[in-house]
Amino acid sequence: MSTLAPLRLLREPWNASEGNQSNATVGASGGWCQGLDIPNELFLALGLVSLVENLLVVAAILKNRNLHSPTYYFICCLAVSDMLVSISNLAEMLFVLLLEHGVLVMRPSIVRHMDSVIDMLICSSVVSSLSFLGVIAVDRYITIFYALRYHSIMTLQRAVVTMASIWLASTVSSTVLITYYRSNTILLCLIGFFLFMLVLMLVLYIHMFALARHHLHSISSQQKPPTAHRGGSLKGAVTLTILLGVFFICWGPFFFHLILIVTCPTNPICTCFFSYFNLFLILIICNSVIDPLIYAFRSQELRRTLREVVTCSW
């Protein structure tokens, strides 16, 4: 499958000479280094599923006034970011297929312009999606540790400023990334951003889990027999594992790919890893499919509204 221009060039590092790349590829020509052939149909199917899921989330939040709060606005923005991942994937695939089959004929300059627009869309959606995952973690943290002051801390005005800032920063950063994608400095900034979000989510969710565990322990110590503590701790551990596990599994390989481009562009083992680039893109799209299941569909109020949206009970 043809991928977006910056991502396509990230498939193989530019900071290695052509001869060294060829030698590395030959030296790493083992069976598992041949990459993974992912059919276009899989990209298309996942993109459509993600698009429908996240569109339903946005429609449900807009429909139900009870969901018009900062928490659900952040979830709505995450859904929009994931929708952009799907839309950009579908648009790029359709664009490439039309060009390859001669249905769409354009001058090279127009093709490059369209390619840049799609590139900006996907890059912006990636940055904004990561940002809103972090914002949702912070919002949940404030909800738990500052419950009585939540509405004074997370006001609607602050939420709007946060969302607008993220979208603006995502647009600017995607433009810079597309323009200077050959710069290791830009890649290091992107890698640092991912690591920051990973550490932020790890610290906040573990702290929240520790508080919940302590609370359950206090309750169970007053019960005979104390069974609630064990079951509640297990449920909390499973939830924490799912949240952080999905984030790391879906985003980790792509950013590890970027790390290898910076650190070992000609190493045979790194070259093998580069050949699985399409798999890393699939994982990012899978994340946009899973996000609604973790952050949105677990809400009873939102599920009820979703049923009304699906059955057209307006």
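Placement of Cβ uses the backbone N, Cα and C atoms for every residue, glycine included.
The shown structure was predicted, so the numbers you read here are calculated from the model rather than taken from an experiment.
Taken from TrEMBL as is:
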type	residues	note
TRANSMEM	42-62	transmembrane segment
DOMAIN	53-295	domain 'G-protein coupled receptors family 1 profile'
TRANSMEM	74-97	transmembrane segment
TRANSMEM	117-138	transmembrane segment
TRANSMEM	159-179	transmembrane segment
TRANSMEM	185-212	transmembrane segment
TRANSMEM	233-261	transmembrane segment
TRANSMEM	273-297	transmembrane segment
Long-range CB partners for the transmembrane segment (273-297) (under 8 A, at least six residues beyond its ends), listed in sequence order, are 1, 3, 7, 10-13, 33-36, 38, 42-43, 46-47, 49-50, 53-54, 56-57, 60, 75, 78-79, 81-83, 85-86, 89, 126, 129, 133, 136, 242-243, 246-247, 249-251, 253-254, 256-257, 260-261, 303, 306
How about the transmembrane segment (185-212) with the transmembrane segment (42-62) - do they touch, taking at least 3 C-beta pairs under 8 Å (6 or more apart in sequence) as contact?
no
What residues in the same chain, six or more past the boundaries of the transmembrane segment (159-179), come closer than 8 Å to it by Cβ-Cβ distance?
5-6, 70, 73-74, 77, 116, 119-120, 123-128, 131-132, 135, 186, 190
Taking only the residues in the domain 'G-protein coupled receptors family 1 profile' (53-295), give me the average pLDDT of this model.
81
